[in-house]
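Here the structure comes first, spelled out in structure tokens, and everything after it is commentary.
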Amino acid sequence: MRSVLSLALLAANVVTAAVVSPFDYSGYKVIRVPTQKDNVKEVQRIITDLNLDTWKYPKSEGQNADIVVPPSQITSFMERISGMSMEMMHEDLGMSISNETSFEAYSAGYAPDINWFKSYHSYQDHISYLQDLQGLFRTRSEYVDAGKSHEGRTIPALHIWGSGGKNSKPAIIFHGTIHAREWITTMVTEYLAWSLLSQYNKNADITSIVDNFDIWVFPIVNPDGFAFTQTSNRLWRKNRQPNPNARCPGRDLNRNYPYQWVGPGSSSNPCSDTYRGAQPGDGTEIKVHIANMKRIASYHGIAMFVDWHSYGQLFMSPYGYSCTARPPTDARHQELSRIFAQALRAVHGTPYRTGPICNTIYQVNGDSVDYALEVLKVKLSLTAELRDTGARGFVLPADQIVPSGEETLAGTVAMLKAVIRG
């Protein structure tokens with residue numbers, strides 16, 4: 001990582017470090033174009049003709065197109081969308097990234113507190129933080145090296161338990177950062193872990209949750225991709241595993257799970273952001289996570305799995321692979337999704353939509369939620385798209401971390417209380 005450290009120490013025992021990405025997004029714009037029946041095909045053509053990247057691709061009418069436009073294409077793009085509604089998400093994406101990646105470097109050994117959540121952080125600082133956080137609560141938690149990524153990085157996990165000791169209750173599993181550029185998910189899953197540990201025996205609801213479940217938090221499911229977003233390209237999505245006979249590396253790990261692997265919700269093109277891989281479950285990190293989930297399930301089963309993503313402000317249930325099929329537990333999934341969204345909104349007024357993945361966001365093949373439910377027989381399998389709805393998208397300012405954590409914790413606590421009640 002290339003970084004520049006300030007000379008002044010801050011009050012929270014941190015220093016400011018500006019991380020510069022070799023891919024320069026200066027002058028790039030991110031523009032939202034809402035689609036409807038009379039323009040969706042034209043918007044799709046514009047994206048194809050100008051070879052533009054998208055944060056959100058409009059697969060059907062009514063969906064927003066969030067489009068990344070390089071300086072060389074701005075004039076042509078604006079001419080092509082003349083007469084259409086549009087919203088500027090990032091006037092200068094390079095400037096937005098520069099502001100977001102002014103990290104506060106963590107001092108190893110520093111007692112973790114709310115200050116951690118005032119900034120985004122490097123991969124290695126996340127490892128130090130998780131180890132230090134666990135060190136404060138040694139009798140009811142453990143830091144786990146859950147396995148290695150394709151490039152040999154640790155996939156970290158925190159294991160949290162209450163009365164009865166570890167591996168004595170049904171498990172809750174939280175996944176974050178399976179998509180590398182979704183930095184807010186790293187911070188929010190760590191906020192959940194910090195809250196569950198620090199508020200145990202202080203907050204009755206959190207104490208009850210920790211006493212009723214064995215909790216596993218995996219904040220960085222895709223460490224190679226995450227590190228790559230900090231050193232090379234902030235908007236990278238996939239892992240970094242090479243693809244034989246292809247110039248583009250990486251698999252979309254959330255299209256690589258070995259269940260309903262082939263379909264319109266994934267791609268066979270190695271250069272696509274939704275490339276499913278050469279074989280079901282051939283992603284190095286997916287092999288690690290499947291092995292971990294099977295091991296965790298072998299104790300007392302898995303009560304709930306939640307895969308945290310961004311962006312869109314959605315809380316969703318199975319299925320991703322089909323827009324018509326519903327699991328037998330659909331009503332319960334929908335009930336818990338509504339409980340989560342209502343409790344979350346009560347904190348800062350942030351609205352979330354709920355519903356099955358395929359109907360709420362888009363069709364997805366080979367995803368974690370469907371795999372967990374149907375193959376691992378997890379009782380409740382859910383996924384979230386955290387803040388925001390597109391004003392900033394993947395490049396979410398650091399001042400959104402704490403409110404995102406606060407509201408997500410409230411939604412999660414309310415949902416798990418409902419699970420305990422039955």
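All positions are counted from 1 along the displayed chain.
Cβ coordinates are placed from backbone N, Cα and C, and glycine is handled just like the others.
Features of the protein shown, as given by Swiss-Prot:
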ACT_SITE  GLU385  active site, proton donor/acceptor
BINDING   HIS179, ALA180, ARG181, GLU182, ARG237, ASN254, ARG255, SER310, TYR311  substrate binding site
BINDING   HIS179, GLU182, HIS309  Zn(2+) binding site
DISULFID  CYS248-CYS271  disulfide bond
DOMAIN    119-419  domain 'Peptidase M14'
SIGNAL    1-17  signal peptide
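Listed recorded positions near HIS179 (substrate binding site): HIS309 (candidates CYS248, CYS271, HIS309, GLU385; Cα-Cα distance within 10 Å). Taking ARG237 (substrate binding site) as the reference point, the recorded positions whose C-alpha atoms are within 10 Å of its C-alpha, out of GLU182, CYS248, GLU385, are GLU182. Here the candidates are the recorded positions ARG181, GLU182, ARG255, TYR311, GLU385, and by Cα distance the one nearest CYS271 (disulfide bond) turns out to be ARG255. It is 8 Å from the Cα atom of GLU182 (Zn(2+) binding site) to that of TYR311 (substrate binding site).
Cα-Cα distance from ARG181 (substrate binding site) to HIS309 (Zn(2+) binding site): 10 Å (rounded to the nearest whole number). Ranking the recorded positions CYS248, HIS309, GLU385 by the distance of their Cα atoms from the Cα of ARG255 (substrate binding site) places HIS309 first.
Cβ proximity to the Zn(2+) site centre (mean Cβ of HIS179, GLU182, HIS309, cutoff 8 Å) flags the following additional same-chain residues: THR177, ILE178, ALA180, ARG181, THR185, ARG237, ASN254, TRP308, SER310, GLU385.
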